[in-house]
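K.L.:
Feature annotation from TrEMBL assigns domain 'Adenosine deaminase' to 13-326. Per TrEMBL, Zn(2+) binding site is recorded for H18, H20, H198, D279. Here TrEMBL flags E201 as active site, proton donor. Among the features that TrEMBL reports, site 'Important for catalytic activity' is placed at H222. What TrEMBL records for D280 is substrate binding site.
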Amino acid sequence: MDNIDTELLRTLPKAELHLHLEGTLEPELMFALAQRNGMPLPYDSVDALRSAYEFGNLQDFLNLYYQGAAVLQTEQDFYDLTLAYLERCARDGVVHVEPFFDPQTHTARAVTMATQFRGILRALADGKERWGITSCLILSFLRHLSEEDAVVTLQQALPWREHFVAVGLDSSEKGNPPEKFQRVFDQARALGLKAVAHAGEEGPADYIAQALDLLKVVRIDHGVRCSDDPVLVQRLIDQQTPLTVCPLSNTRLKVFSDMSEHNIMQLLERGMRVTINSDDPAYFGGYLLDNYLAVRDALGMTREQAVQLARNSLTSSFLDGDSLNNHLARLEQLAQSS
Ligand code: ADE
Ligand code: ZN
């Protein structure tokens, strides 16, 4: 079977369900914000910074990612960051986004929750108006910090309760199992928030089961290590739990040594509800469409498989009603056109 062509892939309506806003900070914007805020950066140039983006594992990346995020100081900085990402989405045929942000990365530097929410929400509203991109924001807890810190963060976010739909869990996975955050996830769900969590990126398959059983997540972020446990694989297929897989991230962080080794198409063919996402595109060499193309080029992707992946992204999103049905109808129409 032939691979899908690039322009059709671009046109398919797609949702992005695993994207860290701080991970969209391109080196050029990082330098511009550092200058605007009078902050020195430990690199001489954009090129020098970009050439530091060689990672042996997740922690190598996180060290640079938190350092980079320190240039985000003002409401306008969060606005500029978010709007630049949405502009990329518009070009790539992304019709709906569910971005994460990490409030603790910023409150730890005395950048208030209000500053973060105001900038991000204003950009999401402008993205809807300019490009019709719908969004659901996800507040993510840093798992290398304590559960008490996450509880305080949830409290600080309560004035914006109407403006985010879910909580997430990210940062250093190994040694920080989902069970560490059971109480704060209970509290979040009691507030009517949905739950998602990074699990099975570098950490073991057991963390995926913990996220499902203890945190009651409705999606698993990454989840690719599920392959180590055939019983878990069958459970994910039976329950149709979405996995938000990030192929370029996984190869840049050495979860897989090469894209040709990635298991995403095997999981798709087994009937798992997998989706393609970009995670931290400014650091991993590509936005959403680039991730689809990298998978297609390394593993092959027919039109049917591409449509299934795009369909999975829409049906795994927090959209419902007309907004979901309209995107799906457009997708099916394109799927049938010659
Ligand atoms: N924060 C940003 N990107 C992440 C990733 N891929 N895994 C864990 N935490 C992250
Ligand atoms: Zn992530």
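Any Cβ shown, glycine's included, is placed from N, Cα and C.
The structure displayed is predicted, hence computed values, not measured ones.
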K.L.:
H222 (site 'Important for catalytic activity'): which of the binding-site residues H18, D279, D280 have a C-alpha within 10 angstroms of it?
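P.N.:
Cα filter at 10 Å returns H18, D279.
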K.L.:
Could you give the Cα-Cα distance between D279 (Zn(2+) binding site) and E201 (active site, proton donor), in whole Å?
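P.N.:
Here the two Cα atoms lie 12 Å apart.
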K.L.:
Which of the recorded positions E201, D279, D280 have a Cβ less than 6 Å from any atom of ligand 2?
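P.N.:
Cβ under 6 Å from ligand 2: D279.
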K.L.:
Take the C-alpha atoms of H20 (Zn(2+) binding site) and D280 (substrate binding site) and report the distance between them in angstrom, rounded.
P.N.:
6
K.L.:
Sort out for me which one of E201, D279, D280 has the most neighbouring CB atoms within 10 A, since those are the recorded positions we care about.
P.N.:
D279
K.L.:
Going along the chain, which residues six or more apart from H198 (Zn(2+) binding site) have their CB under 8 A from its CB?
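P.N.:
Within the chain, H198 (Zn(2+) binding site) has Cβ neighbours under 8 Å at R143, G168, L169, D170, E173, D221, H222.
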K.L.:
Fill in the CA-CA distance, D280 (substrate binding site) to H18 (Zn(2+) binding site), as an integer in Å.
P.N.:
9
K.L.:
How many other Cβ atoms sit within 10 Å of the Cβ of H20 (Zn(2+) binding site)?
P.N.:
25
